[in-house]
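Before any comments, here is the structure.
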Amino acid sequence: YQDKEEVVLWMNTVGPYHNRQETYKYFSLPFCVGSKKSISHYHETLGEALQGVELEFSGLDIKFKDDVMPATYCEIDLDKEKRDAFVYAIKNHYWYQMYIDDLPIWGIVGEADENGEDYYLWTYKKLEIGFNGNRIVDVNLTSEGKVKLVPNTKIQMSYSVKWKKSDVKFEDRFDKYLDPSFFQHRIHWFSIFNSFMMVIFLVGLVSMILMRTLRKDYARYSKEEEMDDMDRDLGDEYGWKQVHGDVFRPSSHPLIFSSLIGSGCQIFAVSLIVIIVAMIEDLYTERGSMLSTAIFVYAATSPVNGYFGGSLYARQGGRRWIKQMFIGAFLIPAMVCGTAFFINFIAIYYHASRAIPFGTMVAVCCICFFVILPLNLVGTILGRNLSGQPNFPCRVNAVPRPIPEKKWFMEPAVIVCLGGILPFGSIFIEMYFIFTSFWAYKIYYVYGFMMLVLVILCIVTVCVTIVCTYFLLNAEDYRWQWTSFLSAASTAIYVYMYSFYYYFFKTKMYGLFQTSFYFGYMAVFSTALGIMCG
């Protein structure tokens with residue numbers, strides 16, 4: 001900024017403290033606007049529009065390095081209707097957010113006295129702005145001037161601005177919003193260490209099973225090779241060698257199966273790239289940038305989905321590859337957009353700022369049809385041509401083998417339910433931190449932790465599914481594809497169950513809008529995580 005240059009104070013949104021996502025335009029409450037003429041605001045980015053950022057000009061006259069003595073900027077004619085609006089806001093702990101030079105400032109609307117009969121409005125905004133050279137590096141707001149709300153009176157709103165020199169570097173101006181005591185708590189480190197121990201234990205277990213048991217199995221099978229044909233026919237062969245003629249049989253419903261596998265590979269690629277970008281760039285310093293990055297990366301990684309889904313479908317002998325490509329491309333976008341569409345109806349009914357504008361919806365649909373679909377087609381064609389030929393080491397029998405009776409705990413349904421427990425155990429502490437940064441007012445910035453947890457989750461999932469598949473094949477059940485996918489994907493069910501616990505014991509959310517928002521998007525998050533693990 002030059003000296004005396006205009007500094008704009010944007011009003012963002014106002015809403016109940018306990019419901020982070022339930023926000024309304026600041027001027028939906030009967031606040032009054034300053035005398036200065038308005039500046040039109042536009043949504044800068046797609047992420048901002050989707051996250052319900054509604055910036056409106058406050059009308060306050062602020063100039064760089066120019067102190068303002070306490071001055072009245074407007075007055076509210078308080079009639080019965082306006083008083084009721086303010087009382088409702090104060091009862092529900094409404095607070096508002098403002099921005100100066102992209103730095104967020106929070107303030108509370110008002111407060112009630114102890115017995116809840118009289119309500120007071122804070123009328124005086126005292127701004128202290130720190131500058132370093134010609135840049136703004138620090139903003140503080142103090143709300144003062146408690147005025148009792150009495151119908152049919154005039155309330156004067158006032159403000160003052162004080163500029164002071166600050167030693168904070170421009171690059172570090174967001175550090176005061178981060179909460180290291182919360183995110184770098186001992187428990188956080190301990191949980192990572194704990195998960196690492198589990199990984200070592202699991203990897204040991206898997207290698208032991210594969211080395212020892214398979215060696216014993218091989219020894220047994222090679223001994224049987226030496227017997228003559230008569231003995232071998234009467235011999236009691238059992239174990240995984242029995243299903244060699246059926247183990248490469250295509251899975252049931254190959255179209256859905258390969259679409260899910262393709263989508264899972266894509267979600268994994270997106271998670272990896274977004275976490276790496278977030279570690280390098282501080283994405284939390286810009287409004288909506290995390291979401292914009294994720295949408296962009298998702299669209300760009302569509303060939304991954306096509307490649308893995310298409311090649312798997314071709315190997316399983318699928319014929320309707322165009323249908324598979326469409327389902328694979330639109331599986332995740334349809335799930336996310338469907339949920340958003342339903343929640344959008346409630347947001348429109350509430351007049352919340354989270355209601356997604358029509359133009360933004362059109363933009364997202366265009367990304368799906370003109371970016372994701374063509375790239376998916378490219379990936380599918382590559383996948384079919386490069387690795388679409390089945391190269392199985394043994395022939396598939398013409399007649400499927402009957403599956404023998406087995407113990408109840410070897411049934412695929414039981415294996416699937418048990419498979420998700422260990423992966424969930426390795427991530428659930430991290431889930432707490434991620435949930436808190438999303439549903440409460442913390443900025444998540446420890447992406448290194450998240451990266452470690454993703455790596456741990458991968459290793460644990462791989463180990464668990466290897467063990468599950470070995471047990472299943474040993475019980476002479478060759479239906480391993482869906483079992484191995486679902487035994488990892490069942491992590492999603494546990495995460496969703498944990499989100500119920502989190503809602504009732506860790507948050508104070510209330511109201512239809514926030515509750516449906518929470519459980520809707522938690523379902524999307526859990527499902528995506530499950531498909532990725534699978």
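Every residue, even glycine, has its Cβ placed from backbone N, Cα and C.
Automated prediction, rather than curation, is the source of TrEMBL annotations.
Worth saying up front: this structure is predicted, and the values here are computed from it rather than measured.
Residues or ranges marked as transmembrane segment in TrEMBL: 189-211 (among others).
Under the heading transmembrane segment, TrEMBL lists 255-280 (among others). Residues 290, 293-294, 297-298, 301-302, 304-310, 312-313, 316, 318, 320, 323-324, 327-328, 331-332, 447-448, 450-451, 454, 481-482, 485, 528, 531-534 of the same chain lie 6+ residues outside the transmembrane segment (255-280) yet bring a C-beta within less than 8 angstroms of a C-beta in it.
Long-range Cβ contacts of the transmembrane segment (292-314) within its own chain (Cβ-Cβ under 8 Å, at least 6 residues beyond either end) map to 45-47, 254-255, 257-259, 261-263, 265-266, 269-270, 273-274, 277-278, 283, 321, 324-325, 328-329, 332, 364, 367, 371-373, 375-384, 386-389. Taken from TrEMBL, the feature transmembrane segment applies to 292-314 (among others).
The transmembrane segment annotation in TrEMBL covers 326-350 (among others).
Marked as transmembrane segment by TrEMBL: 356-378 (among others). Here the transmembrane segment (356-378) has Cβ contacts under 8 Å with residues 43, 46, 49-50, 52, 295, 298-300, 302-303, 305-306, 325-326, 328-330, 333, 337, 340, 344, 347 of the same chain, all six or more residues outside its ends.
For the transmembrane segment (413-435), the list of distant contacts is 183, 187-188, 191, 194-195, 198-199, 202, 444, 446, 449-450, 453, 456-457, 460-461, 464-465, 468, 471-472, 483, 486-495, 498-499, 502, 506, 533: same-chain residues at least six beyond its ends, Cβ to Cβ under 8 Å. Feature annotation from TrEMBL assigns transmembrane segment to 413-435 (among others).
Marked as transmembrane segment by TrEMBL: 447-473 (among others). Residues 183, 188, 192, 195-196, 198-199, 202-203, 205-206, 209-210, 213, 240, 243, 247, 271-272, 275-276, 278-279, 410, 412, 415, 419, 422-423, 426-427, 430, 433-434, 479-480, 483-484, 487-488, 491, 533 of the same chain lie 6 or more positions beyond the ends of the transmembrane segment (447-473) yet place their CB under 8 Å from a CB of it.
Residues or ranges marked as transmembrane segment in TrEMBL: 485-504 (among others).
Feature annotation from TrEMBL assigns transmembrane segment to 516-533 (among others). Packing against the transmembrane segment (516-533) from elsewhere in the chain are residues 21-22, 260, 263-264, 267-268, 271, 332, 335-336, 339, 342-343, 346, 354, 420, 423, 439, 457, 461, 488-493, 495-496, 499, 503, 507, 509: each is 6 or more residues past its ends and has a CB under 8 Å from a CB in it.
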